[in-house]
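If you look up TrEMBL, you'll see ARG75 marked as pyridoxal 5'-phosphate binding site. Here TrEMBL flags ARG97, SER98, GLN105, ARG313 as substrate binding site. Per TrEMBL, the feature tRNA binding site maps to ARG271, ARG398, LYS463. Annotation comment: TrEMBL describes LYS284 as N6-(pyridoxal phosphate)lysine.
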Amino acid sequence: MNSENFLLSEKIVSPSYIRQGSQARRSHEQLIRHLLEQGKCPEEGWSESTIELFLNELAVMDSNNFLGNCGVGEREGRVASSLVARRHYRLIHGIGRSGDIAAIQPKAAGSSLLNKLTNSVVLDILRLTGVRSVASCFVVPMATGMSLTLCFLTLRHRRPNARYIIWPRIDQKSCFKSMITAGFEPVVVENVLEGDELRTDLEAVERKIEELGAENILCVHSTTSCFAPRVPDRLEELSTMCAKNNIPHIVNNAYGVQSSKCMHLIQQGARVGRIDAFVQSLDKNFMVPVGGAIIAGFDEVFVQEISKMYPGRASASPSLDVLITLLTLGASGYKKCLSERKDIYSFLSQELKSLASSHGERLLHTPHNPISLAMSLGGLQAGNDKAVTQLGSMLFTRQVSGARVIPLGKEQTIGGHTFRGFMSHSDSYPCPYLNAASAVGITREDVSACIKRLDKCMRTLKKEANIAGSLSLQNKIIDYEQETSNTNLHLFCCHSFSLLY
C-alpha cells in the first residue's frame, strides 16, 4: 500500500498498529530501493516475502496484468493455466523485442526492469568472483553450447571470410557442435601430456595459425572448466597469441564462475592479451534449472552486438530464476557457497586418494584443475575389459550421479570428425579412470556416500574378477588333465598294439 492508503487505514484500525505495519513495509521497500539504486547483488540475502513482494510489484507493471486491459494483438500475455501464471509470477511477456534481446518492451515495463536488473546483478557477481574488468554481460535463455554458437555467428559479420575455429580439444559434444552448428570448420588441436595432466599445445596452435592464415580464422575457442585429467587452457598465452595475430578469442567458461582459479585466468588473459567473450552456464554455477547462460565480455559494444544477434524475444525464466537465487543468497551467501565448495574439493581429493590406494590405484595428479578429479582404474582394466564400463553402470544404479567412468579406446564421430579415445580428451591416454567433481552445492554427505558406494562396487567387481579368474584356471587344469589323459591312453594303446605283433 502507498502512504495515502496507510492513512486511510488508520480510520479503520488503531493508528499505532498501522504505523507499525507501514514501517515493516518500508523495510522491504528500502531493500528494493537499494537494488534499484546500485544494481548490485545485496550483501545479505532477502527473505522470500521481500522477493515475492518485489516480483508482484514488477508483474503489475506489465500490460497483461493491467486492470481493464483490452488486448487485441497476437501476443498479449494470455495464459490458459493459472498454475503456469503463478509459476512465472505472472511475468508472461518475456524479455527483449524482435530485434534485440536487451531492448525494452513497451507492453512490459516490469519484465524489462527484471531483465536489466538481472544483467546488472550478474555483472556484479562476475566481478566479485574474479573478473574485475568485465564490461558487460547479459543472460540468454539458452545453455552454454547454443550461447557459444551465438557468439560465433556474431563474429561472422566481423570476419566474413573466416571459416576455421581453432579449438584445443575437450571431449564434450556441445562444445564441438556449437562450432559446426554455426557453419564453421573446427580445427582440433590435440593436447599434450604433462605428467598426468592434458594441457594446451601452444606450439601446435601457433603452427595452425601460420598454416591457415590469421585472416581465415574466425577465432580461437578455448576452455577453462573441464573434466580431469584435462586442465584449463593456457589462457594468458592463448590471449597473447590472439592479440598478436588479431584473432578473436572466445572462452567456454561453462562452470568456471565457481572457481577463483578459472576466473583469474580469464582476468589475466584479458589483461595481457585478447578475450572477446566468455560464456558460462547458469545451472552449473548458480544452482538453477537448466536453460540459461551468461555471455560476458570486456568490450561493451561487442557484447551488445551479440545480444542483437539473438532473433526475437526470449523467455524470462532463466533471468527470473537467477535473480531470485542471488537475492535469496546475497553476495555473502554466494561467497559462502564458493568457499564451501573449495573446502569439499580438498575433502573429496583426500577421500579419493585413500580409496584409490586401498585398491591399488592412484589419484591422478592434476593440480591445475580446481574442480574435477580423476582416479586411475588400471587394475579393473587388467582384470576384465568390460569391468571399467560396468563400474559406471553399477554406480548409476546405486544412485551415484555425475561420476564419469572413462575406458580406453572409445571412438566417437561428431559432425564427420572421428575422435579416438573419446571422453579422455586424448587419442591415447595411458590409463582408464573415473571422474568426480566438487561443484557448487555439493555436501560432505554427498562425498561420503559416493566413496562408500564406489568402494563397495570396486570390491564387488574385483571379487567377480577373481572368481572368473579361478574358473578360468580350473577350466585350463581340466583341459590339461583331459589332454594328458588322452595322451597317456594313446601311448598305452600303441604299446599294447606293439606287444600283440
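Quick reminder: no glycine exception, Cβ is built from N, Cα and C everywhere.
Locations of recorded TrEMBL features on the structure.
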residue : record                              : contacts (Cβ under 8 Å, 6+ apart)
ARG75   : pyridoxal 5'-phosphate binding site : HIS93
ARG97   : substrate binding site              : ALA103, ILE104, GLN105, ARG313
SER98   : substrate binding site              : PRO311, GLY312, ARG313
ARG271  : tRNA binding site                   : SER133
LYS284  : N6-(pyridoxal phosphate)lysine      : ALA254, TYR255, GLN258, ALA439, VAL440
ARG398  : tRNA binding site                   : ARG453, LYS456, CYS457
LYS463  : tRNA binding site                   : none
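There are 21 other Cβ atoms within 10 Å of the Cβ belonging to ARG313 (substrate binding site). For GLN105 (substrate binding site), the Cβ neighbour count at a 10 Å cut-off comes to 18, with all displayed protein chains included.
Same-chain residues with CB within 8 A of the center of the ARG97, SER98, GLN105, ARG313 CB atoms, the substrate site residues themselves not counted, are GLY94, ILE95, GLY96, GLY99, ASP100, ALA103, GLY312. Whole-number maximum of the Cα to Cα distances across the tRNA-binding residues ARG271, ARG398, LYS463: 55 angstrom. Largest Cα-Cα distance over the residues recorded as binding substrate, namely ARG97, SER98, GLN105, ARG313, equals 10 Å.
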